[in-house]
Amino acid sequence: MAIQTSNLGYPRIGLQREWKKTLEAFWSNKINEEQFLTTMKEIRLQHVKVQQEKGIELIPIGDFTYYDHVLDTAYMLGFIPSRFSEFTSYLDVYFAMARGSKDHVASEMTKWFNTNYHYIVPEYEEGLQISLKDNRPLRLYEEAKQELGVDGKPVILGPYTFLKLAKGYTQEQFATILKQLVAPYVQLLSELHAAGAQIIQVDEPIFASLTKEEVQQAKEIYEAIRKEVPNATLLLQTYFDSVEENYENIITFPVSSIGLDFVHGKEGNLNAISKYGFPADKTLAVGCIDGRNIWRADLDEVLTLFTKLQTQVQTKDFIVQPSCSLLHTPIDKTEETHLSTELFDALAFANQKLEELVLIHSALTQGTESISNELETYRNVHHTIRSSAARNREDVKAARTALKEEDFSRPLPFEKRYKLQQVALKLPLLPTTTIGSFPQTTEVRQTRKEWRTGVISNKQYEQFIEKETEKWIRYQEEIGLDVLVHGEFERTDMVEYFGERLAGFSFTKNGWVQSYGSRCVKPPVIYGDVAFINGMTIKETVYAQSLTEKVVKGMLTGPVTILNWSFVRNDIPRKEVSYQIALALRHEIELLESSGIRVIQVDEPALREGMPLKEKDWDAYITWAVQSFLLATSSVANVTQIHTHMCYSNFEDIVDAIRALDADVISIETSRSHGEFIDTLKHTTYEKGIGLGVYDIHSPRVPSKDEMYKIVEQSLEVCDPKYFWINPDCGLKTRRTEEVIPALEHMVQAAKDARSLLKTNA
């Protein structure tokens with residue numbers, strides 16, 4: 001029996017976020033291209049070395065990237081939009097696709113399945129010449145071999161998932177384009193095999209949600225590839241859910257190994273194996289350590305899983321691996337010594353997960369007695385945190401038990417509420433606003449750091465925040481915005497800020513993960529029962545409102561987003577944690593309202609990303625996600641206007657859910673998706689307040705008034721003007737002041753032009 005340890009992917013960002021800092025230094029011309037490439041190589045090889053030292057046998061190569069692995073694949077295969085043809089160097093083209101340029105919009109960015117990682121959407125254009133433009137996996141494979149003596153496992157995104165994630169083609173064209181991918185994949189795999197690659201991981205996460213016809217179509221492509229590359233050892237890797245519905249066909253694919261997720265797809269994959277077995281001539285790669293959360297594994301449960309598998313499958317060859325790439329977890333917990341012992345002991349970041357894989361390998365190859373001490377330690381750790389006071393609050397249980405049906409709905413329907421709100425708020429047609437945050441300048445970040453390290457006092461920090469708030473209230477008034485925001489200068493992160501002020505949360509010092517490009521986030525850890533403590537946003541919001549006659553929005557992050565952007569305890573259902581957060585936010589919203597705040601925005605940008613991959617599981621998730629939002633927002637008076645915001649999603653999947661949220665106004669990120677949501681609204685009605693983002697805030701370019709006016713014009717073809725709002729795509733925290741002010745001026749002018757046209761036509 002052969003059993004090996006493997007990893008599917010390692011976090012890119014570096015232990016101290018060296019990767020992020022190198023990228024941003026290069027973009028701001030602080031280092032040249034040679035320095036950039038040299039530093040990136042050092043980081044890349046260090047990651048390989050860490051995995052080697054941890055005892056991982058099959059080390060992923062090619063999972064490292066300068067921005068995004070899907071973008072890497074698009075560039076490699078020649079999926080380069082013609083608008084970037086003026087750029088000649090690899091890095092210029094690559095980063096223009098990712099970030100846009102002065103004259104060209106970036107490629108669309110969207111969520112990687114149901115995670116908080118974002119990928120760059122490949123674009124297909126008519127006449128595109130698909131070919132292997134650059135065999136990057138080969139270069140990196142040879143680099144690891146030469147520099148470190150590591151015979152790694154090249155990792156590539158599979159052809160079917162790649163094309164399914166791309167856009168720009170019709171459904172009728174899909175099969176033809178898919179066949180065109182065979183030749184470059186054959187060349188890629190042939191060259192890797194010729195260079196000595198013992199096993200090549202081909203990621204096909206899309207397989208968890210395909211129809212039977214699609215899986216058969218994918219199989220034919222793999223058969224065509226296998227025919228040309230008969231000797232390459234391929235590991236077909238799935239993750240994020242089970243492949244239960246198509247398992248019977250998938251195990252007949254012409255590959256040597258198949259990787260299955262036994263964490264997020266455990267039940268479905270076990271059901272399929274018990275029904276159909278597993279081929280004796282293939283290796284089963286068992287995703288048994290959670291690659292998406294930060295908790296220590298239950299080693300007893302994992303070993304029980306292997307016992308069950310060994311009795312149900314024909315193969316004797318196994319690979320022990322995480323459920324997915326460790327991209328979604330922080331790198332190492334060793335710096336988190338400030339945490340309580342019970343919490344610290346319960347954590348496992350990427351490096352600890354690698355150690356867990358080696359422990360499991362030892363138990364499987366040498367017997368459980370070889371890790372008896374570790375097993376006992378793990379059992380004690382799990383018992384300690386399960387029985388902790390933080391996870392057993394009677395007040396939280398009582399509040400949950402007391403909930404009634406009327407706690408989940410507003411007193412009046414939208415149409416009647418909105419009329420009352422129009423009278424109270426006195427806003428113009430097509431009101432303008434922003435999504436919430438304004439630039440977190442170097443001065444803002446430095447001052448916050450000085451406050452946190454005790455260099456300046458609480459009072460000095462509060463005075464600084466008030467000064468920034470007043471400055472931006474005046475900017476907004478001068479620009480001519482209708483509904484203002486306080487700017488969120490006191491907040492580092494829209495989830496972390498609330499977590500720091502609620503019971504049940506804890507925070508890491510260095511628990512960073514990549515969100516998109518160089519943007520990293522440090523998700524809170526929800527380890528206990530969540531409960532309200534004190535007002536979280538009252539002081540800053542009320543202060544901002546005192547500075548102006550215009551309406552100032554209260555700004556909160558919604559319960560589902562706080563849930564989906566946190567590392568969540570895994571001992572109770574996510575629904576229950578979401579309800580706990582909603583009850584805490586409900587208290588805060590009531591305090592804002594009683595303090596005179598008449599518009600309150602509860603952002604849910606992550607509502608869509610939490611949806612299960614399989615459509616059959618959507619309804620259950622959407623039901624409790626919507627109920628969580630309603631629980632948080634439904635206790636306000638009819639005259640109080642509730643806003644929400646969403647971004648980067650396939651909204652057509654959740655239009656009904658958006659409607660069910662019963663928000664008075666929803667703002668939706670649309671500019672970067674090049675009008676896809678506008679097309680969705682052509683086929684369905686949305687008769688509540690809505691703002692479709694008129695410019696992409698993720699790019700440094702300042703869009704013209706005419707660009708924004710065009711989006712407004714297109715939007716008004718499908719939206720009722722009396723309910724339509726005009727706003728940017730997202731918050732402006734990451735932009736510079738000199739980018740924000742002219743962009744908002746152009747936006748307000750576009751709104752004025754649109755109002756004038758509507759009045760003329762009327």
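Backbone N, Cα and C atoms are what each Cβ position is placed from, and that goes for glycine too.
Among CYS520, CYS730, the residue that Swiss-Prot places alongside HIS645, CYS647, GLU669 at the Zn(2+) binding site is CYS730.
According to Swiss-Prot, ILE435, GLY436, SER437, GLU488 bind L-homocysteine; the candidate from ASP317, ASP332, ASP603 that the record adds to this site is ASP603. Annotated 5-methyltetrahydropteroyltri-L-glutamate-binding residues in Swiss-Prot are ARG17, GLU18, TRP19, LYS20, LYS111, ARG519, CYS520, TRP565, and among GLU470, GLU477, GLU609 the one listed with them is GLU609.
Counting only the Cα atoms, the space from GLU669 (Zn(2+) binding site) to TRP19 (5-methyltetrahydropteroyltri-L-glutamate binding site) is about 28 angstrom. Across the structure, CYS647 (Zn(2+) binding site) and LYS111 (5-methyltetrahydropteroyltri-L-glutamate binding site) place their CA atoms 10 angstrom apart.
Closest to GLU488 (L-homocysteine binding site) by Cα-Cα distance, out of the recorded positions HIS645, HIS698, CYS730, is CYS730. The sparsest Cβ neighbourhood within 10 Å, among the listed binding-site residues (ARG17, ILE435, GLU488), is found at ARG17.
Taking the centre of the Cβ atoms of ILE435, GLY436, SER437, GLU488, ASP603 as the L-methionine site, the nearby residues of that chain (Cβ within 8 Å, site residues left out) are THR434, VAL485, MET494, MET555, GLN601, HIS645, CYS730, GLY731, LYS733. The DSSP secondary structure for GLU609 (5-methyltetrahydropteroyltri-L-glutamate binding site) is helix. The two recorded residues, ILE435 (L-homocysteine binding site) and TRP19 (5-methyltetrahydropteroyltri-L-glutamate binding site), have Cα atoms 29 Å apart.
Note: the Cα of LYS111 (5-methyltetrahydropteroyltri-L-glutamate binding site) and the Cα of HIS698 (active site, proton donor) are spaced 14 Å from each other. Around ASP603 (L-homocysteine binding site), the C-beta neighbours below 8 angstroms that are at least 6 residues distant in the chain are ILE435, GLY436, MET494, MET555, LEU556, THR557, GLY558, THR561, THR644, HIS645, MET646.
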